[in-house]
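The next block holds one structure in the form of C-alpha cells; read it before the comments.
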Number of protein chains: 2
Amino acid sequence: MMKKVFVIGMTAAVLMASTLAAATDVEDAIEYRQGVFNTIKWNFGPMAAMVKGKIDFDAAEFSRRADVVAVLAKLPREGFIEGSDVGETDARPEIWENKDDFDAGMDALAKNAAALADAAKSGDMDVIKPVFGELGKTCKGCHDDFRVED
Amino acid sequence: MMKKVFVIGMTAAVLMASTLAAATDVEDAIEYRQGVFNTIKWNFGPMAAMVKGKIDFDAAEFSRRADVVAVLAKLPREGFIEGSDVGETDARPEIWENKDDFDAGMDALAKNAAALADAAKSGDMDVIKPVFGELGKTCKGCHDDFRVED
C-alpha cells in the first residue's frame, strides 16, 4: 500500500514537473518570437518612413536595416512550438491548424526579406520600393490570417 | 485675456503631446532592446548547452546560432536612448552616467560575438570553447555593472 501511494505520488510529481517545464517552454517561446517580431518592426519603421518620403533616404542606413531584417526574418518560426497558442499571445490557433500555409508564409517572409536586402544594395529607391511593397504585403497576409489584430 | 488663455492652453497641449510622444519613444526603446537581448539569450542557450556537453555538439547548428548572435549583438545600443532608465526596465542609471564605459561594453559585445561566429566556422569545440567563454564574460561584465540582476 505504502509503495503504491509512493509510486502514485512520484508519478504525480513527475507529471507536474513536466507540465511546469512545458509551461515555461511555451512562455519562453512566445516571448522569443514576440521579441524577434518587435526587432523586425523597429528596423522596418525607418525603412517604411524612407520609402514613403517621410524622412530622407539614407541608402547605407536602409541597407544596414534591410540586412538585419533579412537575418531576423528567418528566426520567428522556431518560436511557434506546439501548444503555444495560449497565454500572452496574439497568435491564432489557425497557425497550428494550417501549419503548411503558415510555414509557406514564413518561407515567403524570409525570401522577401532577403530580396529587400539585395535590392537595398542598389541604393536606388526605384529598385527598392516594389520589393519593399512585396515584403509589407507578406507581413500583412500572415497577420490577416494568423494573428489577432488590434 | 482670451488670447492669453488660448496661448497657455496651446502651450500646455503641445507640451503634453511631446511628453506623450517621448514616453512612447522610451517604452518602444525599452521593449526593443529587451526583445533583442531575449533573442540573443534564446540563441545563446543551445550554444551554452553544447559547450557544457549537456546536449550533443552540432557544428552547423552552433555556427548558425553564432552568426545570428553576431548580427543581434550590434543592435541593442540604439535602444538605450536618453531618458529610458525609467519604466519597465532593469537598466541602471549608470548606463547614462558612464556612457563611455557602457559603449565600450557594447563594442566588446559586438566584437566578441563576431569572434565567436568566426570560431564556430572551424567546427572544432576546442577552438570554440575559449571564445565562447570570452563572450559569456562580456555579457556578465555589463550585467554586473549596468543591470539590475534578479
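Glycine is no exception: its Cβ is also placed from the backbone N, Cα and C atoms.
A TrEMBL annotation is a machine prediction, not a hand-curated record.
In TrEMBL this protein carries:
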- B:1-23: signal peptide (SIGNAL)
- B:C139, B:C142, B:H143: heme c binding site (BINDING)
In the same chain, which residues outside the set B:C139, B:C142, B:H143 have their CB within 8 A of the centroid of the CB atoms that define the heme c site?
B:G105, B:L109, B:T138, B:K140, B:G141, B:D144, B:D145, B:F146, B:R147
Residues that sit under 8 angstroms from B:H143 (heme c binding site) by C-beta distance, when 6+ apart in the chain:
B:E149
I'd like the Cβ neighbour count for B:C142 (heme c binding site), meaning other Cβ atoms within 10 Å of its Cβ, all protein chains included.
19
Which state, by DSSP, holds B:C142 (heme c binding site): helix, strand or coil?
helix
